[in-house]
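I have placed the structure first, in the form of structure tokens, so that the comments after it can refer back to it.
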Amino acid sequence: MKKTQTWIITCIYLQLLLFNPLVHTQGICSNRVTDDVKDVTKLVANLPKDYMITLKYVPGMDVLPSHCWISEMVEQLSVSLTDLLDKFSNISEGLSNYCIIDKLVKIVDDLVECMEEHSSENVKKSSKSPEPRQFTPEKFFGIFNKSIDAFKDLEIVASKMSECVISSTSSPEKDSRVSVTKPFMLPPVAASSLRNDSSSSNRKASNSIEDSSLQWAAVALPAFFSLVIGFAFGAFYWKKKQPNLTRTVENRQINEEDNEISMLQEKEREFQEV
């Protein structure tokens, strides 16, 4: 009985080991992002609205896929956040500006390190160099949030590796706002007409949905099959051991009956001798 339980437990652990690597496939650097990014809203509220933060902005963030600008953008965010950190004193309060910025710098530095590890696999360089600009806290951390969100889907977006070239007919870039929504990414604007641009955007959206569905299927199917195989092995082993258990119980009952008969015969002989 103990051997059967041990085998079932082994099957369960085997399923967990097979399933665990599959649940971490989305986002090559998403595990570097901690919950400290949620303090961005508090930081924006603490800073003056007219305070200007210098950032070398990568052109094309609003019209190019994230793999075209994320590598350079995260490096520039690291520089700007470090400069911003130097302007605040080291206050021990948990939610002070210094502590929040310090945590954000650590997150961005980890992302820079991760991007260096995957620089040749999933990212490209923009065709234009970053441009120094001045941003209010709301706009600056809107760019920060968009960059952080881009890491969560970087593996999906980078799978097609489209060219990182900004069309000459691209519209002016819109201001980024602090938001927790997914990054809003458009394909390169076509030079022909607005109608062609709309159709290409629709195709991009449908392809993204199909990619997400395919990835979930790739995760769910192996997990399902490993679960079925694990239970099949467990059932087979239990069925194989069941006859042995039945024979063991029968032999035990026979031995008990033989012992009882022997005891009765022994008592009968003792009675006859008396």
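Counting starts with 1 at the first residue shown.
Every residue, even glycine, has its Cβ placed from backbone N, Cα and C.
N90 is the residue among N90, N244 that Swiss-Prot labels N-linked glycosylation site. For the topological domain 'Cytoplasmic' (239-274), the number of residues in each DSSP class (helix H, G, I; strand E, B; coil) is 35 helix, 0 strand, 1 coil.
When secondary structure is read from DSSP and collapsed to three states, N145 (N-linked glycosylation site) falls in the helix class. There are 20 other CB atoms within 10 A of the CB of N145 (N-linked glycosylation site), with all protein chains counted.
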